[in-house]
Amino acid sequence: MTARVINPPRRSLARRAMAASSVVGRMDGVLLVAVAALSVIGTLLVWSSTRTWAPGSTGLVKKHVLNLAIGAVLTGLATMVNHRRLRAYAPLVYAVTFVGLILVITPLGSTVNGAHSWIMLGGGFAFQPSELAKLGLALMLAMLMAQPAKGGERPRGLDVGVSLAVAALTMGMVMLQPDLGTTMVLGVITAAAMIIAGVRKRWVLGLALLVVAGAVGVWFLDVLEPYQIARFTAFLNPASDPRGVGYNSTQSLIAIGSGGLFGKGLFRGGQTTGRFVPEQHTDFVFTVAGEEFGFLGSVTVVALLAVILLRGMRIARRCDDRFGAMTAGVIVCWLAFQSFVNVGMTIGIMPITGLPLPFVSYGGTATFANMIAIGLLQAIHIRQRPF
Amino acid sequence: MIRVRGRLVVIQVLVMSLMALLAVRLWQVQVVRYAEFTQAATETRTRDVVVPAVRGQILDAAGRPLVRNRTRLVVSVDRTSLNRMAGNGRTVLQRLAAVLNRSPERLRERIRACGPGVTRPCWPGSPYQPIPIDDEVTTREALQILERQEEFPGVTAEVQAVRQYPHGSAAAQALGYLQPITQEELEKREGFKASFSGVDLVGRDGLEAIYDAELRGVPGIRRVQVDRLGKVIGVERQVAPIPGDTLITSIDAKVQAVTEKALAEAMKSAPRADGAAGVVLDVRTGRVLALASAPTYDPKVWTGGISEAEYQRLLSEKSGKPLVSRAIKGQFAPGSTFKISSVSAMLRDGYPLHGQYDCPGSFMVGSRAFSNFHGIGMGTMNLHTALVKSCDTIFYRAAYEQWLRDGGLRPKGSTKQPMAAMARAFGFGRPTGVDLPGESAGRIPDRDWKKQIWEATKEVNCRRAKTGYPEVARTDQSRAAFLKQLAYENCLEGYLLRPGDAANFSIGQGDVLVTPLQLAAAYAALVGDGRLRSPRLGWALVRPDGTMVKEIKVPVVGRLPISVRERDYIRAALSDVPSDGTAAGAFTGFPMNRVRIGGKTGTAEVYGKADTSWFASFAPAGNPRFVVVVMVSQGGMGAETAAPAARKIYEGIYGISPKGGQVPAALPAGRPASEPPVIERDGTVAR
């Protein structure tokens, strides 16, 4: 005998999730598998790099798995969101994430590794609002740019102005922490949104000039601390100061380079075991892949990232509404930039900035943000109308 | 939407290019530059720790250890890891100082590098070696450090072997000492270029230096894995060290002790004596039974880092420079002991062996009278008596005659210089080649030497001949005038061998210089088989388990150019010296019927100092086994200081009491060991 299901007027969250299971089949399977594969690899790498913290421990692997589980739920929830409706709520999402950024500068915020970007939740859990701010800004800009205020396809000056104001506000808050890496990601999100929306070239050029001018200004006006500049430029010549700012760069190159073609095997990386690379479970997690899994392993990681980005792009291209396409496109640009900078800094072609590797690095908030982003991509994917 | 898609395609291409760029760079880093980074990884991740081999012992001819090893706990500090820490590891040193109960400043002094302007204590070795800062720690202190390694990064406590000298100062200069290896030496050494070792010591002098490679053995290597903080987290591979060979010497500890005691007493008996040397050779083999130098010191001071005060004391004139082995480095005019060479030169030059020679009180060499000792004439005598009574004028005459035959002041064509040639045949004027470092060559003042010295000094002499010595004139007018005249003569004809030079040379005075060991080797050749040998202290090298590695041979380096008959004649003459000749006083009451001693006294004048006292001797006179040479610098007459010391050495060797009675002998039956001692598998000595 089967229980009769009575549809109440408002379905509970659980029931909507049940219903969503029917959409699992329509999700982008390749994207799902790639994210899952990266998560598994990431778990191994976090395990390898943190198990040495104490004899016989598993390090942070349990917490990482918990983060991933929560992330998977978030992906599912986000998939169920109809992005067309989400557009209306974008300002709300943005506002919520912005409140997070404000909380950081209140006494609730804490400083970790020189960046005042954390809110301690107790019980060993911490929250990093700037990670969610990426998501909030992406949605907000997609909303602002997708439907120009005065109609038509191309955003006008007003749209661009409002967008820039919103972006500047977020970036300003993150700069206060200071978190150079996240600010750069936010900048890329803004640039991507404008380019995809197709603002006039003079705007793009003007903004590019502004960025250059800003960089020059920052350089000459001593806005940045000397250590920030040193850290930023050390990658160009790590040998100049191998014990100081060049240390991270040198050590991560050594770890990755010594991995060779096939790697030294999981838990067998001497550089990892000796903890020569700092922050090896978060920002420098890729060095573990490089050393223990070799070129084949690290290229697999890069390939999986590429698959995710490609699928994301495919979703963006196939989407038939501007908001959906823009959201997907901006998310891809965000993840692409962050992946490139993260991997690039470990192999000496990008400056050292504190950015985690999406889906691989340890870190709750970042994992959640990335997983929600994937959920949004899936949401857009399953709701695209056939051509 | 078409336009949006178009822009998305552009972005996609860009994104994929970036990913491709990463892949290419990864290929470059991980595959192309793999070797480079692997090496860098090994360098950062591992440390090669040299496990020093236990250094071989040095044994005497009876297998008694002269130098052996003892273990102790040593605490070392790795300066490289300290420098990597904040404040150059100040806090670690402070903690360490507290555990070891020392002041942190003392520890810091101990680990700073030696160099210009840095006084001892300082570290003379490689900066990459752990520096031993305390070599007498207790087990409890060592455990405090080892159990809390995280509080003492870069600090280790290990059991190490250190040198021990059971006979104290015995043969100190001959044995030599060890010092930490310097960075240059480390780099020169094959293999362990980046080695870390707190006990990588090298022999700096004496046998320790000459046989350094054999004694050192082959150090093992332990490649340890370290983490970012330098903490050892595992051992990658290990190669066990091969212990060094044991060096068996021909030194007899008892004879050595007797010799040193005799020297010390001789120094005391002569008020102005400032140094002494004693050599005992085995005539038949050319091996060294004792090689002593006074004043001496206890080589223990080197163990575990020498203090500045101690080091300066060892180098100072005031303490008599005890580091210097006067037996091989001391160069002195030999006095009459040199007449064995001169008389041989006369015989070689055709003077009859059994001829009669006039021994006037003085002899005119050119325009200058050269006198016998005390100016006493002794009438006509044969060469035997000339040697026993030490007549000088016979040698003056012969030297002058030979000088004239060579062409006098300005010889035409080649010269024979028989005295100088014979001196060379006796081994003078060049190092004996003994297995000890830093040996002096001595000097034979022949015509060539005069020329060389003139070339080297003429500039100064010629200037002084003009300017004089105003600084001397202020205090001593006549001396200044004399010096100016001397400078003038030297400038003008300093290259000429004057007749007086030749005469002085013939009796071992003037510019001739010999080392005590040279003299001993010469006497051994004369009273032995006529072959000149390069003396050896090392006898055999054996593994710790007793396996013979090699026996060290005594090379024959020359043959005396005189006949057996002539040698026997000279030996017979010298055999009468202690009974009837110049050394009779020193040997009063010595039981010559039991052991007959032969020898020659020497009293060499040194300008501005007391005479050098010599006694070169051998025993038993009829069939010599031993040559004993004693030299006391500023010791006065040879018969009064050196000869009594030599007598004491013989008394010790043969077991004769000062009154002529029997006491335990250093070498029973008066025979040195003929074979090196046999070492058993367990390292004990079987005789």
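Even glycines carry a Cβ here, placed using N, Cα and C.
Because TrEMBL annotations are produced automatically, they should be read as predictions rather than curated entries.
The transmembrane segment annotation in TrEMBL covers A:64-81, A:88-106, A:118-145, A:157-174, A:180-197, A:204-221, A:293-311, A:323-347, A:359-380.
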- [ ] Spell out yes or no: are there three or more C-beta pairs under 8 angstroms between the transmembrane segment (A:64-81) and the transmembrane segment (A:359-380), with each pair 6 or more apart in sequence?
- [x] yes
Open item on the list: Quick check: do the transmembrane segment (A:204-221) and the transmembrane segment (A:293-311) share at least 3 Cβ pairs under 8 Å, counting only pairs 6+ apart in sequence?
Closed with: no
Open item on the list: Applying the under-8 angstroms CB criterion, which one of A:88-106, A:157-174, A:180-197 scores highest with the transmembrane segment (A:118-145)?
Closed with: A:88-106
Task: Distal contacts, the transmembrane segment (A:157-174) - CB-CB under 8 A, six or more residues away - done: 94, 98, 101-102, 104-105, 117, 130, 133, 136-137, 140-141, 144-145, 148-150, 182-183, 186-187, 189-190, 193-194, 199, 203, 207
